[in-house]
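Participant: Before we start, here is the structure in question, set down as structure tokens.
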Amino acid sequence: MPKVKSSCSIRLKHFVNEFGNDIFSTDGLVLYCIRQDYVHLFVTDAAPYMIKAANSLKALYSKKVHVTCLAHVHHTVAETIHGKFDNVDGLVSNVKKSVFIIDDSLIKSLSLIDTVIPNIIARQQSPATSTETMSDKLNSNIEIPAKKATILTGHRSAALVCEWNPTVDLLASGSRDGTARIWYMADKGCTSTFILRHYIQNEITAVVPRNKDVISLAWNCAGTLLATASYDGYGRIWKRDGNISSILSQHIGPIFALKWNKRGNYILSAGFDKTTIIWDAASGQCNQQFAFHMAPVTDVDWQSNRSFASCSADTFIHVCRLGVDQPLKTFKGHMNEVNAIKWNPQGNLLASCSDDMTLKIWSMKLDNCVHDLQGHNKEIFSIKWSPTGPKTANPNMNIILASASLDSTVRLWDIERGACIQTLIKHIGPVCSIAFSPDGKFLASGGFDKCVHIWSTQSHQLVHSYKGTGGIFEVCWNSKGDKIGASAHDGRVFVLDQRKL
């Protein structure tokens, strides 16, 4: 069954309660109990992958699914766990008869063994990183002091995504608190902020409705419009001043990805409802809906202004075109759900990564993959092509592919040879996001260990490292290549100015 891949408020290695041995788990994140008339699902987060797990169980057992969400437990660990623990962010071992408060309600007495807060997921180290510890002291020339980071506060829950405007220093962020924010970053710091609410604010209770998490956002190439997608199934287009332009309403369920084409006249969306949609950016109307996948669509990427690829939990990748009723090409080869896809800058090769721990390179000219890249020993969540090689601003540099994995490593790949160039080892937790600088000379990586690392793509050495206060969900570079933005589990968004390091 699919795994919960985004932030998790707690990670359970072993879970035992009055259901006894009827509790099952594939990875310690998703737990379920099969009853006579329903399946009881225990999840550690309210993020979009939760609903994928519920849908898979419903299909597998043909029963209703009851969900208990264990989100935000870490905020009340000290009050709700009766037992010995090191600290709120520490490892809780051998706890018996613990009482948990879930969604502000007392539910039941549980027995819990080895509860792990994600902020110390570093203790679940892979063999590749077992020699690295949080106590390792970085070279003073590499470590970025906390005072040199610009911290942007305002989100009241986890900041899930962020992206720089391509023309000016505006940083957009999306959060579980039901808002997106646009931060204007001047040399002196953030001078103004626009709050984009995805719900009608209750002035009395100030309670954010459920299912309003902003889980994807993207600027158009001109930098004039921002598209956001939320867990409620609606896409929204905003002007740069924070005013809403249109609402995209056709999907049933969460939208996992939004992408603008280069011309900026179409928006592409990927839905939990197993469909992809091309929207008219000017009117907000659905131009065409594609229903070829058999499971939720996890990612999409434009190949041209009218052609795109989509991937899914069904393991397939489809290449489609506006106005055509059938896929132009279907790629089959992954053995587990495909998490991300990305066309190279030339548009002739498609990279994909999967829960099967492999990356694959595809060509429209071939039915089978060009390369089957193996090396990671856990699920791969993120891939990025370097902005180098033919048809880029850096034509004299070789193109490389980067991948980030749950195994705590980042790998760089030579696509011509189909070989790993280098394995970048410093993170001590899952690596969630990677991003190349516009000149292709640097790669930023962010992970659950709260760290952002900046690597040289030429020497493969660690250049700078910054440790924040929450697990990192996304890292991104501005168009000038002098600022890095990052969004974190504790709701903070921060900016690292390369000129001041």
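In case you wondered, yes, glycine gets a Cβ from its N, Cα and C as well.
Residues annotated as repeat 'WD' in TrEMBL: 152-193, 248-289, 331-372, 373-423, 424-465.
Please situate the listed features within the shown structure.
Facilitator: Away from its own ends, the repeat 'WD' (152-193) comes close to residues 6-7, 46-47, 199, 208-209, 212-219, 221-223, 226, 228, 230, 238, 240, 242, 470, 473-474, 476-480, 483, 485-495 of its chain (Cβ-Cβ under 8 Å, at least six residues beyond either end).
Only residues 6 or more beyond the boundaries of the repeat 'WD' (248-289), in the same chain, are considered here, and those with a CB under 8 A from a CB of the stretch are 48, 51-52, 55, 211, 215-222, 225, 227-237, 295-302, 304-306, 308, 310, 312, 320, 322-323.
Assigned with DSSP, the residues of the repeat 'WD' (331-372) fall into helix, strand and coil as follows: 0 helix, 21 strand, 21 coil.
Within the repeat 'WD' (424-465), the DSSP-based counts of helix, strand and coil residues read 0 helix, 24 strand, 18 coil.
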Participant: For the repeat 'WD' (152-193), give the DSSP counts of helix residues, strand residues and coil residues.
Facilitator: 0 helix, 26 strand, 16 coil
